[in-house]
Amino acid sequence: MLVLDDVQYTYQRELFRFELSIERGQIVSLMGPSGAGKSTLLALVAGFIHPDQGDIRVDGESIVRKEPYQRPFSMLFQEHNLFSHLSVRDNIGLGLHPGLKLTVDQKRQVEQAAQQVGVAEYLDRLPEHLSGGQRQRVALARCFVQPHPMWLLDEPFSALDPVLREEMLSLVKKLAAERGITVLMVTHHLSDAKAIASHFAFVANGKVEAVGEIDALTAEHPSKTLQAFVRAAG
């Protein structure tokens, strides 16, 4: 379980204050208007920024003083996920060893992950020779080989066309289900949330204003801000 317990952060006199609990195995879409605090929340969880007060716990253990590399998360962003001078094989391999000193079993893991996301035939190519969708598949494969129980996704597929975006979301959902991965994904697309998520967390005015099962993400929700967001998105 991931818990944000009265996590407060101030940026340019704007106060963000988050309370959120995510159960193991849930896929949670983090949604809300631009500037509401979605990426701030994700950055606090990842450890890129540190709260002024409050606690962040994973399975009961505080991680608030840990550096990003010490936290049990794999991360995937919209871009800048791959090293341009490394092959697909090595980019995936970084998920297992930062110095790429892989055992025979780990090399096999890399190949299996590439196979699962559909990039096995590109293992020896550089990222510049791949399409945008193929590059994101490689980045997803690197997440997959890491032993972390949770993925943090910050609009990783928003730049892709709708068909490819749907394909990638289905792949994330499938891989997460197979391994029991918990997913927290920022998205602006209501359709993406409903395609992949079991639950949602709606951020507005610097706080988590509403949470629930994904079927409750409708224009009939009690939150007026959420109602307006859903109507605008639809």
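Each position is counted from 1, following the chain as shown.
A Cβ is built for glycine as well, from the same backbone N, Cα and C atoms used for every other residue.
It should be emphasised that the depicted structure is a prediction, and the values quoted were computed from it without experimental measurement.
What Swiss-Prot says about this protein:
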BINDING   Gly32, Pro33, Ser34, Gly35, Ala36, Gly37, Lys38, Ser39  ATP binding site
DOMAIN    2-230  domain 'ABC transporter'
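Positions of Swiss-Prot features highlighted on the structure.
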| residue | record | CB count, 10 Å |
| --- | --- | --- |
| Gly32 | ATP binding site | 25 |
| Pro33 | ATP binding site | 17 |
| Ser34 | ATP binding site | 7 |
| Gly35 | ATP binding site | 13 |
| Ala36 | ATP binding site | 22 |
| Gly37 | ATP binding site | 25 |
| Lys38 | ATP binding site | 23 |
| Ser39 | ATP binding site | 16 |
Mean per-residue pLDDT computed across the domain 'ABC transporter' (2-230): 90
Secondary structure of Ser39 (ATP binding site) (DSSP, helix/strand/coil): helix
Env. residues of ATP site, Cβ within 8 Å of mean position of Gly32, Pro33, Ser34, Gly35, Ala36, Gly37, Lys38, Ser39 Cβ: Thr40, Val203, Ala204
